[in-house]
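> The following block contains the structure, expressed as structure tokens.
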Amino acid sequence: MLLDELVRTTDAVASTRSRLAKVDALAQLLKRLDPADIPAAVGLLTAKPRQGRVGVGWRGMSAAMGEPAADPGLTLADLDAALDRLQALAGAGSAAERAATLRGLTAAATEREQAFIGGVLLGELRTGALEGVLTDAVARAAERSVEAVRRAAMLSGDLGSTALLALTGTAAELDAVGLKVGRPVQPMLAGTGASVTAALETTGEASVEYKLDGARIQVHRSGGDVRIFTRTLAEVTHRLPEVVEVVRGFPVHDVILDGETLALGEDGAPRPFQETMSRFGADAARTTVLHPWFFDVLHIDGRDLLDEPLSERIKVLEAIAPAHRIPGEITADPEVAGRISRDALAAGHEGVMLKSVGSLYAAGRRGSNWIKVKPVLTYDLVVLACEWGSGRRTGMLSNLHLGALDPAGEYGEPGGYVMVGKTFKGLTDALLQWQTKRFQEIEVRRTAGTVWVEPVTVVEIAIDGVQQSPRYPGRIALRFARVKGYREDKTAAEADTIQTLRALLRP
């Protein structure tokens with residue numbers, strides 16, 4: 001299939017709010033795919049290419065962008081093969097080969113395809129095809145039940161392979177997909193609550209647990225063989241030998257565990273999130289020791305626990321790994337839940353998770369059975385630039401470039417602004433229309449897809465924290481930034497400083 005056909009479908013999907021229209025467009029595309037293209041297509045449609053990140057940044061992407069092809073000729077298989085080559089590059093000479101591969105890829109792409117490829121490589125692709133929508137589309141295209149497709153995708157951990165099976169196999173083969181030790185499943189996800197009291201009203205009696213600022217891990221053990229997977233189901237066993245040894249010590253033969261791992265200081269307090277994540281990089285040094293903590297068990301010695309209540313799963317977990325169970329208590333009392341939340345924050349953790357004791361493990365699903373509660377941080381930042389939107393936001397300025405005040409010039413000009421991140425989340429239609437008009441009135445220059453503006457507009461941004469990042473001059477980046485609203489009552493000189501944000505980093 002030509003890449004152009006997939007790109008046009010993603011544009012159509014992104015431009016409509018109708019779920020039925022999205023599902024129909026995607027189902028028609030899936031029916032036309034060659035079976036060999038199905039896994040790659042599903043990865044691209046969900047903005048999660050099967051190769052993951054391939055080591056290309058915006059500078060490399062910008063340098064590779066040349067004159068686009070006049071007519072579509074690039075195939076989906078061509079793009080998938082190029083991503084494979086980019087992922088495999090390492091060592092001496094890899095930078096030059098990566099640049100050559102990128103130039104060859106973009107030269108064969110039309111302007112529309114170049115924008116799509118850039119989104120894929122930079123992790124900024126927004127296709128409008130969320131996994132739930134695409135799951136429905138697979139079911140429609142294959143004439144299978146949505147529940148059968150969803151269950152197979154959750155338990156296989158791979159919507160691409162599930163789509164291939166649904167579209168080319170039998171209903172019985174799809175129904176036969178089940179939990180298997182050694183094959184990761186999509187993790188259960190949590191909703192967000194405003195307070196522990198509000199969360200308890202939803203969950204009823206709950207396991208109230210510390211929410212650690214670590215890396216989600218899923219650990220599979222069969223005998224002496226232990227495998228560790230990330231929340232995106234990438235295998236990282238070889239990077240975490242200390243976790244492997246801990247799990248080998250548990251009194252079980254087969255087990256699947258869900259939990260987190262993080263770095264701790266000598267005082268037992270959590271170290272900065274970036275120290276934990278440094279162990280997951282390609283060149284990770286093992287100077288930082290990671291400690292595993294578990295909050296769920298999905299299987300033990302031939303017994304699947306997915307469909308057993310959390311209260312039972314907790315008993316199993318406490319029997320096999322009491323020293324590595326995430327701190328928490330079962331309660332229906334808001335005062336007790338509040339105390340646990342305060343204790344978690346005092347210990348340096350993010351907040352708490354409240355989990356209904358009767359809940360089953362819904363792999364890959366986000367719902368009201370698990371609710372996270374943590375304090376929200378808000379800061380006043382300055383808009384430095386804004387990127388043109390795509391899909392439904394075509395023609396509107398969308399993704400904001402955010403800067404913090406640097407009064408002393410520690411990271412640039414005194415009194416200037418240091419970029420700390422981007423976000424398009426939280427923008428309503430009204431805000432999109434307002435900022436599209438406003439920012440063109442204060443435009444100072446344009447680059448490809450971006451309008452740079454006078455640094456005079458203050459916007460209130462909610463964040464979950466900051467993390468170390470070499471991408472920006474201040475060496476930090478916002479975590480989970482979203483727009484609360486514009487502060488027309490404030491001047492840019494009143495914005496929060498880069499020093500204030502850097503103080504959020506743990507020492």
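Including glycine, each Cβ sits where the backbone N, Cα and C put it.
Got these off Swiss-Prot a minute ago, pasting:
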type	residues	note
BINDING	GLU209, ARG216, ARG231, GLU260, PHE295, ARG366, LYS372	ATP binding site
ACT_SITE	LYS211	active site, N6-AMP-lysine intermediate
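What's the neighbourhood like for each of these?
The Cβ of ARG216 (ATP binding site) lies under 8 Å from the Cβ of PRO187, THR230, ARG231, ASP258, GLY259, GLU260, each of which sits 6+ residues away along the same chain.
The Cβ of LYS211 (active site, N6-AMP-lysine intermediate) has 22 other Cβ atoms within 10 Å, all protein chains considered. DSSP assigns LYS211 (active site, N6-AMP-lysine intermediate) to a strand segment in the three-state reduction.
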> Would you pick out, from the binding-site residues ARG231, ARG366, LYS372, the residue whose Cβ has the largest number of other Cβ atoms within 10 Å?
LYS372
> Calculate the distance in Å between the alpha carbons (Cα) of ARG366 (ATP binding site) and LYS211 (active site, N6-AMP-lysine intermediate), and round it to a whole number.
16
> Tell me the Cα distance separating PHE295 (ATP binding site) from LYS211 (active site, N6-AMP-lysine intermediate), rounded to the nearest angstrom.
10
> Rounded to a whole angstrom, what is the largest C-alpha distance between any two of the residues GLU209, ARG216, ARG231, GLU260, PHE295, ARG366, LYS372 that the record assigns to ATP?
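Spelled out: the longest distance between any two Cα atoms in GLU209, ARG216, ARG231, GLU260, PHE295, ARG366, LYS372 is 19 Å.
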> Please identify which of GLU209, GLU260 has the densest Cβ environment, defined as other Cβ atoms within 10 Å, among these binding-site residues.
GLU209
